[in-house]
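*Asks:* Below you will find the structure I want to go over with you.
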Amino acid sequence: MASIIESCWLGLISHFNDFQLACLGSFFLHESVFFLSGLPFIFFERAGWLSKYKIQTKNNSPAAQEKCITRLLLYHFGVNLPVMIFSYPVFKFMGMRSSLPLPSWNVVLTQLIFYFILEDFVFYWGHRILHTKWLYKYVHSVHHEYATPFGLTSEYAHPAEILFLGFATIVGPAITGPHLITLWLWMVLRVLETVEAHCGYHFPWSLSNFIPLYGGADFHDYHHRLLYTKSGNYSSTFTYMDWIFGTDKGYRKLKALKSTGDEDGCKQT
C-alpha cells in the first residue's frame, strides 16, 4: 500500500512543482472535497430525503441555498486562494516539503492530533470573541444568516472571519512545517468535519455517537438556532473547551430534558 501511494506521489511531483502543488493543488483539493461533501445535503433538503434524521423541521429556500453557493465561490477565489498563495513562503520557511520519502504514519498521526488539539483551542477563543456585540453585528452575523445550517454554510462567512478563524486551521501546520501530504490530509479531515457539523442531520452513524467529546451536527446546530448571546457551543471539532468553561450548559441541559422526556414516554407506552 505504501509503495502504491509513493508511486502516485512521485507522479505528482514529477509533473508539478512545489508552488503548484501547495497552492493550486491545495485549492483544487479543498474545492473538490468541500462541494462534493456539502452539495448532497442541499438535494436531501429539497427532496425531503432522510427527513427523519433532520435536526430542524425548517428548510432553506432554493434562493437562499443559491445565494450561499454564489457567495462561497466569490470568497473562495477572492480570499481563500490568495491566502494559500501568500502563505506559501511561510510554510516553505517552516520546512514544508513535497519530496520523497513520504513521512511515516506515526509522524503523520502525531501531527494531525496536534493540529486538532491546537485548532480546537484557538478556534474556541476566536469564535467566542466573534460573539461579542460589535464583532457579531459587523462580522459573525453573516455566518449566522442561516439559522438552519446545511453543509455548505460551514464556510459561508464574512471575509474578515475567514481570515480570523482560518488562522486556527493553519497555525498548526505553519508551526510544524509538515510534508504536503500531511497538510492535505489535515485539510480534508477539517473540511469533512465542518461540513458534517453544519449539515443539519444527525444520523445513527454520526461520529458523535461513537467518539467521546466529538461535537458533530447536533452540537453545532444548537449554536445556530439560538440568540448569539446565549448560544454557547463555540467549539470546533471536539467539545472539551466548552465543557471546561461551561459554555455548553444550555445544550447539555436541553439534552438531559429530552432524554428524560424520551424515558418517560417509553415508560408510559
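Each residue, glycine too, has its Cβ placed from N, Cα and C.
OK, TrEMBL features for this one:
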type: DOMAIN; residues: 113-247; note: domain 'Fatty acid hydroxylase'
type: TRANSMEM; residues: 19-44; note: transmembrane segment
type: TRANSMEM; residues: 72-91; note: transmembrane segment
type: TRANSMEM; residues: 103-125; note: transmembrane segment
type: TRANSMEM; residues: 162-187; note: transmembrane segment
*Asks:* Have the transmembrane segment (19-44) and the transmembrane segment (162-187) got at least three CB pairs under 8 Å, pairs 6 or more apart in sequence?
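*Replies:* By the criterion, they touch.
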*Asks:* Taking residues 6+ outside the transmembrane segment (103-125), which of them lie with a CB under 8 Å of any CB in it?
*Replies:* 165, 167-169, 171-173, 175-176, 178-179, 181-182, 185-186, 189-190, 234-238, 240-242
*Asks:* Grab the same-chain neighbours of the transmembrane segment (162-187) for me: Cβ-Cβ under 8 Å, and only residues 6 or more beyond its ends, written as numbers and ranges.
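*Replies:* Answer is 9, 18, 21-22, 25-26, 29-30, 33, 75, 79-80, 83, 87, 90-91, 93-98, 102-103, 107-108, 111-112, 114-115, 118-119, 122-123, 126-127, 130, 139, 155, 236.
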*Asks:* Is it possible to list how many residues within the domain 'Fatty acid hydroxylase' (113-247) are helical, extended or coil according to DSSP?
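*Replies:* Across the domain 'Fatty acid hydroxylase' (113-247), DSSP assigns the residues as follows: 90 helix, 4 strand, 41 coil.
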